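> Found this in TrEMBL, in case it helps:
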BINDING   A:Glu44, A:Val461, A:His515  Mg(2+) binding site
BINDING   A:Cys63, A:Cys66, A:Cys509  Ni(2+) binding site
BINDING   A:Cys66, A:Cys512  Fe cation binding site
Amino acid sequence: MSQIKELNISPVGRVEGDLDVKVVMDGGVVTKAYTQAAMFRGFEQIMAGKDPQSGLIVTPRICGICGGSHLYCASSALDTIWKTQLTPNALLLRAIGQATETIQSIPRWFYAIFATDMANKKFAHHPLYQEVVKRFSAYVGTSFQRGVVASGRPVEVYALFGGQWPHSSYMVPGGVMCAPTLKDITRAVAIMNQFRNDWLETIWLGCSIERYLRIQSWEDLMEWVEENESQKNSDLGLFIRASLEFGLDKFGQGVGKFIAYGTYLHKDLYNRPTVEGRQRAVISPGGFYDGKNFHAMDHLKIQEHVSHAWYQDVAAAHPWNEPLPTPLESQTMHNTDWGGKYSWSKAPRFDGYAAEAGPLSRVIMAGNPDNLDHQIKDPLFLDIMQELGPSVFTRSLARVHEAPRLYNQIMEWLSQVDLDGEFYIKPTEQDGKGWGATEAARGALAHWVEIEDGVIKNYQVMAPTTWNVGPNDDQGNAGPIEAALEGIEVADPHDPVEVGMVARSFDSCLVCTVHAHDAKNGEELARFKL
Amino acid sequence: MANLLWLQGGACSGNTMSFLNAEEPTVPELVVDFGINILWHPSIGLEIGDQVTDLMNDIKAGKTQLDILVFEGSIIQGPNGTGTMNYFAERPMMDWVRELSEVAGFVVAIGDCATWGGIPAVPPNPSESTGLQFHKKAKGGLLGSNYKSKGGLPVINIPGCPAHPDWVTQILVAISTGRIGDVLIDDYHRPKTFFTDFVQTGCPNAISFAQKVDGHFGKRGGCLFYEVGCRGPMTRASCNRILWNRQSSKTRANHPCLGCTEPGFPHHDLKKGSVLKTMKHLGFLPKDVPTGVSKFGYYTRAGFEKVLGGLERVTGTMQEHFETSK
């Protein structure tokens with residue numbers, strides 16, 4: 001007999017912040033899920049009425065994991081308002097900052113956040129389990145230690161130009177603060193080279209970056225795994241084989257729609273920043289993919305819904321037109337009204353649709369046949385979406401797939417910095433509305449800013465986690481993680497690792513969700529103790 | 001061997017990210033070689049849901065010993081003192097912290113939010129954030145000015161936005177190796193070993209400061225104190241002695257020090273004209289002067305240097321200390 005039960009999981013953990021999840025189950029299968037972000041800090045209220053440059057200091061500190069990404073957005077938003085000029089050096093050094101933060105996050109997320117779950121006893125009956133435990137167990141796993149240490153290397157490059165990571169404010173409207181010298185560039189090249197030798201090619205790929213980047217399809221990837229022992233037994237090889245053996249490709253589908261703003265503004269294509277000119281200037285392309293067709297990224301099609309968030313009700317609105325949120329009383333999970341307001345996260349929608357943000361969105365956009373010459377062209381994930389569809393595995397593979405290309409891009413951009421060129425052109429402050437966006441490691445991030453009378457009138461931050469962890473919208477449609485949890489089987493309600501794996505495959509970062517909290521169900525159902 | 005529990009309140013996880021950059025020792029070494037047993041950590045702990053709740057209840061009941069409680073992020077007291085803007089394991093986080101502090105051997109606040117409220121506590125402080133034992137410069141915070149942990153110390157404050165990983169790991173190693181007696185703390189409960197010198201100590205532009213040579217963004221050389229608000233002369237921290245990410249520091253990368261290890265960061269509460277700009281009287285006298293110097297003394301000496309340096313430049317005296325190169 002199927003029996004409906006509900007599971008309140010608080011905290012989920014390893015999602016960078018406070019995520020609570022409620023799942024309603026029927027015979028061990030999740031039929032409905034609610035995500036609840038459980039913390040409110042009110043950064044938008046803090047910045048209202050303050051110095052126009054406050055976002056450069058405050059927003060990197062919304063999220064210590066994506067601080068460089070917030071800085072990229074904050075400086076870009078002011079660039080569009082103050083109508084700055086950006087030199088090629090400024091654009092290169094910002095791109096290097098964004099890219100080093102993102103590549104840092106790949107081993108750190110994989111080993112510290114994600115792969116430890118693959119060592120969960122749930123998978124103990126599989127043949128590859130012993131090897132997974134040996135390498136990926138928390139702290140003691142042979143690769144865990146190397147991967148966590150290696151993850152610190154790329155942000156050493158960030159520190160050469162930004163002074164420190166996390167929490168630098170070196171990107172400013174008009175350029176960057178630093179004026180690097182020869183030794184900064186040569187040292188950066190050497191650090192990246194060590195990162196490649198110590199981890200990326202040796203432990204992670206088991207082959208050269210060039211060999212890996214020849215993979216164009218799912219079939220190519222499977223051939224790559226079996227090509228030799230080195231690739232088969234690399235951490236990536238093991239991850240792919242174990243994921244398929246453990247069935248990680250079988251759950252966690254999501255909403256099947258994807259959003260990316262794109263990032264890495266090209267050094268010669270965005271010297272006069274405008275909101276309208278942004279999408280053509282990015283190297284990693286943006287867009288909206290509805291599962292069949294690509295659509296251009298138009299930020300004016302984005303709205304936030306608050307009907308299920310703990311804010312005073314307002315009509316769904318574009319961030320430029322949203323009032324500062326007024327927080328309402330939140331609840332514990334137990335007391336939450338799950339049909340009403342249940343999270344501190346708002347629900348963003350593109351053209352009315354919930355959409356998944358993140359590396360999978362980015363690598364799908366890379367397959368758009370209309371991408372411009374300077375943009376990434378990579379058909380692999382459109383093929384994987386055909387062959388496997390979205391899943392915990394697909395999403396995680398997309399994440400790690402970016403590392404080799406990012407490495408090459410960082411090296412190329414370092415080689416292009418002109419030590420005789422300018423790094424900063426002092427702008428003139430003025431009022432207006434602006435938009436700054438990027439791709440944080442975990443997806444589409446943007447700031448919408450309005451300056452009036454020389455102070456901040458409105459500052460709206462929409463993080464990738466807002467896209468992914470957001471609650472139901474005004475029409476009752478689920479957010480991406482909520483949708484991805486529906487249909488999963490929870491084998492052991494005392495250790496619902498499947499729920500954690502789905503959440504962690506999105507690499508949700510709750511500290512980014514400036515807003516988030518709890519849920520309720522009309523009738524009292526059985527409640528598991530976790 | 002020391003049991004450590006790490007919790008986050010109104011946090012950005014920046015201190016955790018900084019901690020994961022640690023080098024001597026690395027985080028895995030801290031666990032494997034120095035016997036720091038991490039009972040749970042929000043970013044790397046394996047337990048979820050009621051497993052975490054049970055752990056905390058066991059600690060409260062004395063079934064599990066808690067040697068070190070590390071707290072990152074502000075204590076959220078809103079709305080109206082209830083703390084319900086930050087539920088954790090079905091209760092306001094501030095209630096958990098208050099109870100766990102009663103049984104912890106040592107309590108370590110990491111980062112500005114946990115020490116004195118940080119950015120979330122900037123007016124209007126929508127989440128009613130405060131620090132563990134300070135609110136900005138005032139003693140008090142959640143635990144009150146008289147609080148001492150079982151180990152006999154008040155909350156050990158390791159400020160910074162974020163804290164440098166060494167500041168954290170060295171204190172943890174000191175506790176686990178029996179050297180806690182060597183940890184002296186200052187009036188703001190900061191370990192003196194890291195927070196006695198100023199950020200200016202070791203800054204490559206110190207001579208430009210002394211001789212009043214201005215720097216600016218995108219420019220090599222010169223001091224950032226005069227135009228873009230560098231707080232190196234009034235901020236105690238070892239940023240230029242123990243470098244960041246083994247490579248650099250803000251001022252070495254031509255980034256003004258923001259004063260983030262001093263209570264009150266962000267200084268002047270982000271008011272117009274205070275961000276990445278030097279606030280001035282009469283358009284030329286810095287409002288904030290180096291710590292331990294009178295305004296009158298500073299203005300007089302600085303004026304003398306400025307005038308003399310200008311004269312030297314006019315008369316063609318070589319100023320080789322201020323040459324720069326790519």
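Each Cβ is built from the backbone N, Cα and C atoms, and glycine gets one as well.
Worth saying up front: this structure is predicted, and the values here are computed from it rather than measured.
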> Given the binding-site residues A:Cys63, A:Cys66, A:Val461, which pass a C-beta cutoff of under 8 Å against chain B? Sequence order please.
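In terms of proximity to chain B, the binding-site residues that count are A:Cys63, given in sequence order.
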> Quick check on the binding-site residues A:Cys63, A:Cys66: which one has the highest count of other Cβ atoms within 10 Å of its Cβ?
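By the 10 Å Cβ neighbour count, A:Cys66 comes out on top.
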> Please report the distance from the Cα of A:Cys63 (Ni(2+) binding site) to the Cα of A:Glu44 (Mg(2+) binding site), rounded to the nearest angstrom.
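A:Cys63 (Ni(2+) binding site) to A:Glu44 (Mg(2+) binding site), Cα-Cα distance: 14 Å.
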> According to DSSP, which kind of secondary structure is A:Glu44 (Mg(2+) binding site) found in, if we only use helix, strand and coil?
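Where A:Glu44 (Mg(2+) binding site) sits, the three-state DSSP reduction gives helix.
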> Name the secondary structure element type, per DSSP in three states, that contains A:Val461 (Mg(2+) binding site).
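Going by the DSSP assignment, A:Val461 (Mg(2+) binding site) falls within a strand, counted as strand.
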> Let me spell it out: for each of the binding-site residues (A:Glu44, A:Val461), count the other Cβ atoms within 10 Å of that residue's Cβ, using every protein chain shown. Which one has the most?
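Result of the Cβ crowding comparison: A:Val461.
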> Measuring Cα to Cα, how many Å separate A:Glu44 (Mg(2+) binding site) from A:Cys66 (Ni(2+) binding site)?
17
> Taking DSSP as the reference, which of helix, strand or coil describes A:Cys66 (Ni(2+) binding site)?
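Where A:Cys66 (Ni(2+) binding site) sits, the three-state DSSP reduction gives coil.
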